[in-house]
Amino acid sequence: MSKKTIAVIGSGAAALSLAAAFPPSYEVTVITKKSVKNSNSVYAQGGIAAAYAKDDSIEAHLEDTLYAGCGHNNLAIVADVLHDGKMMVQSLLERGFPFDRNERGGVCLGREGAHSYNRIFHAGGDATGRLLIDYLLKRINSKIKLIENETAADLLIEDGRCIGVMTKDSKGRLKVRHADEVVLAAGGCGNLFLHHTNDLTVTGDGLSLAYRAGAELTDLEFTQFHPTLLVKNGVSYGLVSEAVRGEGGCLVDENGRRIMAERHPLGDLAPRDIVSRVIHEEMAKGNRVYIDFSAISDFETRFPTITAICEKAGIDIHSGKIPVAPGMHFLMGGVSVNRWGETTVPGLYAIGETACSGLHGANRLASNSLLEALVFGKRAAEHIIQKPVYNRQYQSGLETSVFYEVPDIEGHELQSKMTSHMSILREQSSLIELSIWLHTLPFQEVNVKDITIRQMELSHLWQTAKLMTFSALLREESRGAHFRTDFPHAEVSWQGRQIVHTKKGTKIRKNEGIWNNESFTAEKITESLFS
């Protein structure tokens, strides 16, 4: 029997979790745009959330996830992932993954925004993502191919099925890589905005490639802005993990006033969307916002990554304060997938931030993303292993009649427009203005043979921006990370409804899998928003 071939686009935690789950008999190729360590996962300062403590439970973790997600989560997916995630964390512990431990040898469990218990597993203080990638790279078998400096240029579709991927290397050479199954694990689209936490290679490629191939994209209006990026003189230097607030740090203005004290019952540990809006409001008044970490005695030991970021930015760590501002962090929406990571295109999977499974709802709970990456990576691999080998009689060769529409703008112009019109606060006239601008940009059609990687990335970002803006315009309510100043409350009429895009058009669809609890929608969500 011929070997089953798998092509994986991306090299973050989801991609490597998937690759590590295949036995040596599978022909797995991991393709990444730059170095294998160019991914958002490497930058993850938070940890992995799992209900491990004796007084904690999966039910409590589920409730926190639903509360943060503002009643837009797929309940079955949440329950599944949290159950499997706890077992995966247990497996990491048994295999000696270097989670932080106390002087007695017990695992240190941290607390982050919107969690009701200490359940965050960290490694290396604030270097969990980097250490997880190192660990997964050691776990994958030697027969797996890791191809660096090669970019996915198009998905190969034959008779409605994905049968491989066309790639372009750093020298501009095109290649065709046929596969029984293709897995998109290329991250989100943080580079659409001026201030973001993403690797520079994360430009919406997976979203746009899936859309071009005919797959469904869902929930693109739900873009999470992390409350605390270190921003100095308009320059963003990196993320300041909310674990700092979990350890006793607090948000203050230049006069030392605690800005979250009366804004939410959880104070500085309110859900990310809430904290981002409060900081945005303070900055709009002309107030500077800081994290005061003076109460954390061992800050440099506990947060070595953040300490290095402060040094790079010229921040005196002994001042006990870090200047912060919100920035784009995570896309809750993405390519529509089922519990196995299958998209609506046969032969095509999506996992990690590229995918939208319904786990995060309208706003992701802190440290649920690495959990998602580990669970869906392993789960997608297990599903692929169970499938029969595709009867391969490939007819698609090197197709050179593929064209990209490339807008005649610079990337920073698109970032500036998205930041001013589509970030934390949104309203109809501004969204319409942005949508018109996006759809009337002059562009050129560039053949895939001639296109540069940068042009390809700009095209992906432009396509994603158009769909994202249309979603934000259509959803006339505020829910989670999507906040409309002209519709400042969650609406029961939007409960369970999703905005779905395909090449054939856009539709609003009721998803019966979304947790339907009207009291949660009408009371808890609205109480957590401010107008």
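Glycine too: its Cβ is placed from the backbone N, Cα and C atoms.
According to Swiss-Prot, the feature FAD binding site maps to 11-14, Lys33, 40-47, 151-152, Asp205, Glu353, 369-370, an assignment based on similarity to another entry. Taking a C-beta cut-off of under 8 angstroms and a sequence separation of 6 or more, Ser11 (FAD binding site) has the following same-chain neighbours: Val30, Thr32, Val36, Lys37, Asn38, Ser39, Leu146, Ala185.
The C-beta environment of Glu112 (site 'Important in orienting the L-aspartate substrate'), restricted to residues of the same chain at least 6 apart in sequence and closer than 8 Å, consists of Gly46, Gly47, Ala49, Ile120, Ser241, Glu242, Ala243, Arg245, Gly246, Leu269, Ala366, Ser367. The site 'Important in orienting the L-aspartate substrate' annotation in Swiss-Prot covers Glu112 and is backed by similarity to another entry.
Less than 8 angstroms from the CB of Arg272 (active site, proton donor/acceptor) sit Ala68, Gly113, Ala114, Gln224, Phe225, His226, Pro227, Glu242, His329, Asn363, Arg364, Ala366, Ala481, each of them six or more residues away in the same chain. DSSP assigns Arg272 (active site, proton donor/acceptor) to a helix in the three-state reduction. The annotation active site, proton donor/acceptor is assigned in Swiss-Prot to Arg272.
In the three-state DSSP scheme, Leu370 (FAD binding site) is classed as helix. Around the Cβ of Leu370 (FAD binding site), the number of neighbouring Cβ atoms within 10 Å comes to 24.
Non-local contacts of Asp205 (FAD binding site) by the CB criterion (under 8 A, 6+ apart in sequence, same chain) comprise Ile9, Lys33, Thr151, Ala152, Ala186, Met456, Glu457, His460.
Within 10 Å of the C-beta of Ala44 (FAD binding site) there are 27 other C-beta atoms, taking all protein chains into account. In this view, Ser41 (FAD binding site) is surrounded by 28 other Cβ atoms within 10 Å of its Cβ, with every protein chain counted. Listed in sequence order, Ser41, Ala185, Ile351, Gly352, Glu353, Thr354, Glu372, Ala373, Leu374, Phe376, Gly377 are the same-chain residues six or more apart from Ala14 (FAD binding site) with CB atoms under 8 A from its CB.
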